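S.K.: The structure's right below; bear with me while I get my questions together.
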Amino acid sequence: SVGFKAGVKDYRLTYYTPDYETLATDILAAFRVTPQPGVPPEEAGAAVAAESSTGTWTTVWTDGLTSLDRYKGRCYHIEPVAGEENQYIAYVAYPLDLFEEGSVTNMFTSIVGNVFGFKALRALRLEDLRIPPAYSKTFQGPPHGIQVERDKLNKYGRPLLGCTIKPKLGLSAKNYGRAVYECLRGGLDFTKDDENVNSQPFMRWRDRFLFCAEAIYKAQAETGEIKGHYLNATAGTSEEMIKRAVCARELGVPIVMHDYLTGGFTANTSLAHYCRDNGLLLHIHRAMHAVIDRQRNHGIHFRVLAKALRMSGGDHIHSGTVVGKLEGERDVTLGFVDLLRDDFIEKDRSRGIYFTQDWVSMPGVLPVASGGIHVWHMPALTDIFGDDSVLQFG
């Protein structure tokens, strides 16, 4: 009989495989790993691969009932981060079978669910994911995408213009609708609910939807253009969220909105499916993203959250503004803006893109430049984002 030794064993014996040739169907991850003092980088990288796939802290008899070689994550390459002491990029390959089809939720639960609290690591950041076509093809993706949106709106060859209604909290529904009308009548394409406008005591969601619809139709009639207001459908339960989206559809408005990180990927994917089935555009706000992506050496980089959103579904997503910040940030932002819009994006480490990403024919997402921008930023914004973007003022 084949016996085995119980007890704690090094992960690198099983999960560090520098000679592994990655498969076209593997999901690849690049982690920025900061090991605890005294932990070798190979062990830290292997620990990440193990804990986010099949591993546990010892050998168990049930390991013999499956094929670890078929299902284990593998740390296949480690490189030191230039200019950082004791920090490494660990590349991990995951077999496709570890993931449920069409579930961003399951993908994140597997890859980042458990491993970030790991004792052997001082800090861990997921920098990038390579999503193979074999996996991305199991997702619907954006409800409509850039081209279909332009056809719906009949607006071509320029960025779309929007603004957020302020004060974001405290207006009555009627006064809110009045502000929406003034903005749309004045020439904007879109106005927007703020991310925290849901259904508060001073303005219940249905009242807001009705007055905003009235404002949209009045502005459309007077300008001869198609107008929209991002009606925030985010709610405390996914059933209530869908109820609000149904109401928006019945009013005949073109677009609804969702806070995808606070609302969650499961709710977001449900809403995206509803929007495609019912001809609604879907605007995505990234409230809470900085909790996850702000630290340089711990968390998840926004480019991963952006890729996940393209799979889960959204037609617009907030992507920062670049204006007035550091130059390096510009390249990194443009990197994930391309990941949102383009079909095929080459690996380019100078822009933070660790893997070549092939989306095949998944529709693109319009990046939304929003937050503290005003008319003087216009030349810079059109230079940075080009035509396929939404410039969201106010």
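Each Cβ is built from the backbone N, Cα and C atoms, and glycine gets one as well.
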S.K.: In Swiss-Prot, the substrate site includes ASN114, THR164, LYS168, ARG286, HIS318. Which of SER53, SER238, SER370 does it also list there?
M.R.: SER370
S.K.: Please give me the CB contact count at 10 A for SER370 (substrate binding site), counting all chains in the structure.
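M.R.: If we count other Cβ atoms within 10 Å of SER370 (substrate binding site), we arrive at 22.
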S.K.: Since the record lists LYS166, LYS192, HIS285, ARG286, HIS318 as recorded positions, which of them has the fewest other Cβ atoms within 10 Å of its Cβ?
M.R.: LYS166
S.K.: Least buried of the binding-site residues ASN114, THR164, going by other Cβ atoms within 10 Å?
M.R.: ASN114
S.K.: Which of the recorded positions LYS166, LYS168, LYS192 has its Cα closest in space to the Cα of HIS285 (active site, proton acceptor)?
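M.R.: Checking each of LYS166, LYS168, LYS192 against HIS285 (active site, proton acceptor), the shortest Cα distance is to LYS192.
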